[in-house]
Amino acid sequence: MREPRTRSNRLKQSSHRLTRSHSVAFRSRDREYRDRSERSERSDRSARDSKTKEREVREEPLSRRDRDLAREKEEEEEAKDKKKAERKAREKEAAYQVLDEEAEIFVVKMWRLLIYETEAKKSRDREYRDRSERSERSDRSARDSKTKEREVREEPLSRRDRDLAREKEEEEEAKDKKKAERKAREKEAAYQNGGAVDSPGDKSPTLDENDDYDDDFTREEDKHASDRIGQILRDYRKDMERHKANEPVEERGREMQRRLDERIKEMESDAKDRQKEKEELEELRAKIFSSQNKNPDEEFRKVLKARENLYKPRILQTVLKARENLYKPRILVEVNTSEIQAKLQAREAELEEQRLREEKAREEALR
């Protein structure tokens, strides 16, 4: 029998689709990266073979020194190829590290969704039981009140009258029973449409079974959630094992590939900037140490500090505040203002010296 389209079933289907798309993304990306690596290796191999053949055709009997130079050149080329392969491996490892972080975020989101669905089911079931108990109590109190009124008002009747009264009571009880059954069916239908039941074959709890049902329901939901999370983690581990074994791994789509390419470009640009900054510092250091300075270390530290100050935001608050204080209204009483004016002048002189030092350091750094 087909299961109703409840919220839990939709969550299961969406989690399966996410898991499949995650695996597809891994496989396609790994296949593309392997193809690029094979093409690059083939081109490098063909270039080396062509160089070797040309050298064998053109070479003449060489001296021992020429052979050593040729061997050193070949070793340098091999070292360059080795560095290039290591750089590619590092880039690949960084890309897969990003994928690992996103996979962990995906698992955490799935775990939170399952917990939220479990709590919602528990809340709906609790509300359904409370409504059933209230309705049952109200029906029972109405029947008890009717029975008491009938016992108070009734008088000694004949046998025929007693039979008629009994038949009337039985008819009323049958009507009440049908009414209660109809209410229960309506509540059960509304409960199933709300998505609180996993399958139409599940039996709804009665009033006497509420406590046992609550424990069983909670235990079953916890087991279902833990099984689902375990399955997701097992699938993720299998994908990573296939990746380590150099097997194709499924891919997540164009968006993931685009983000990976952007991340690799960003890493390359950062590496270039760091290398450029390092080269500039080395050039500056060599220039200072080659000059006739008595203390080149101290001079190099000063230049570095000035270079750092170039990229720091300048705070103009102090200068503006000192200038504003010059134009504030004075208190018209007899006070000794000479000391205050001396402090203000000293402060302005310090600020002016600081500004001149910064400009001088900036000019030296630019020079």
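Positions of Cβ are set from backbone N, Cα and C atoms, glycine also.
When the ranges 227-254, 339-366 are checked against TrEMBL, the one recorded as coiled coil is 339-366.
Counting residues per DSSP class in helix, strand and coil order gives 63 helix, 0 strand, 5 coil for the compositional bias 'Basic and acidic residues' (27-94).
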